[in-house]
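**Student:** Pasting a structure here, questions to come.
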Amino acid sequence: MTESNVFDVTIIGAGPAGLFSTFYSGLREMKTKVIESSQQLGGKLNVYTEKMVWDIGGVPPSPAGKIIDDLVAQAKVFEPTIITGEKVIKIDRNAENVFVLTTDTGQTHFSKAIILATGYGVLKPNKLTIQGAETYELTNLQYTVQKPQSMKDKVVMISGGGDSAVDWANILEPIAKKVYLVYRQGELKSHEAEITKLMNSSVTCHLNTTIEKLVADESQTRIKEVVLTNSQGGSLNIPVDEMVINHGFESENTLFENNTVGLELHDEYYVLTNSQSASAVPGVFAAGDVVMHDAKLHLIAGAFQDAVNAVNQAKSYVDPTAFNRGRVSSHNDKFTEKNQDLIQQFFVEGK
């Protein structure tokens, strides 16, 4: 460990809470690193990139994918160090009172303060437990739909009966040639309005039905046909072009399982904090869905407030002489130069 590789704050997780924490810590002139376990920034928003997000104050309804792009661009304003594809599995504190973060790749990172923005943990889709299913994950079996237009004029089968399955069936119905929805139970578990929309559409629903077998095409690399079995013992073969599995997600949180610094947890996945995002461990703060306290708001809007609180607390922890909150951006000298280009864009060129 050298002074050059010790950061003021390291943010674990790069969903909305982590990304806004990254921006705000730069605004507070902190040397900042963010570590994200996946290769993508954006957190759970990546699960539904095409769905519209309405409830961020002052932001017009936008696809989640655009929200990600805007958050990432904002997070990079002050040039933080961003690391992807590394999962923090352990946090220790050394003799110099610096946090030592160990990742699953064997790397170590050093930080004076930490902001936990891990959401509900590392989300992994529940896989289809049919022999050979993994063979098709590189071709036409997927666990989320990144580009709905890629389904245009195709026969699509969706397996699942929750919100994601019903939503995707409704989204893809006007795009695909044909959509089938298969669910092992007799009643769908989604919002009533979405179910009503589904039932009034051209989507064919097979309830009380399970996937028995996947039949490969001649190349043995793609699913050509799906064999279904219903609760009465009947069997049906359906040719498909694409298959989408929405069986929910499993949340993995190795970091909290290896809780060596004394974090107080709630239900194993939440960090108990005060209303200012401070945990029971000096120097460790939290933001977003991982936070639990009486006034916590589990929305993106709430994640932004958590982020500001966490960064301000981290700034005060690292530098007790610092002011306990940042200045509003409209009157912040850090933006003087950047504002010149924006003023030209909005008030001169826009006329």
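Numbers here mean position along the shown chain, with the first residue as 1.
Cβ coordinates come from backbone N, Cα and C, glycine included.
A TrEMBL annotation is a machine prediction, not a hand-curated record.
For reference, TrEMBL lists these features for the protein:
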type	residues	note
DOMAIN	7-314	domain 'FAD/NAD(P)-binding'
BINDING	Glu36, Lys44, Tyr48, Val88, Leu123, Asp289, Ser330	FAD binding site
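Burial and contacts for the listed features, if you can.
**Tutor:** Within the same chain, no residue at least 6 positions away from Ser330 (FAD binding site) has a Cβ under 8 Å from its Cβ.
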**Student:** Could you check the binding-site residues Val88, Leu123 and say which one's CB has the most other CB atoms within 10 Å?
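**Tutor:** Ranked by Cβ atoms within 10 Å, first place goes to Val88.
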**Student:** Pick the one among the binding-site residues Glu36, Lys44, Tyr48, Asp289 whose Cβ has the fewest other Cβ atoms within 10 Å in this structure.
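**Tutor:** Per-residue Cβ counts within 10 Å for the binding-site residues Glu36, Lys44, Tyr48, Asp289 bottom out at Lys44.
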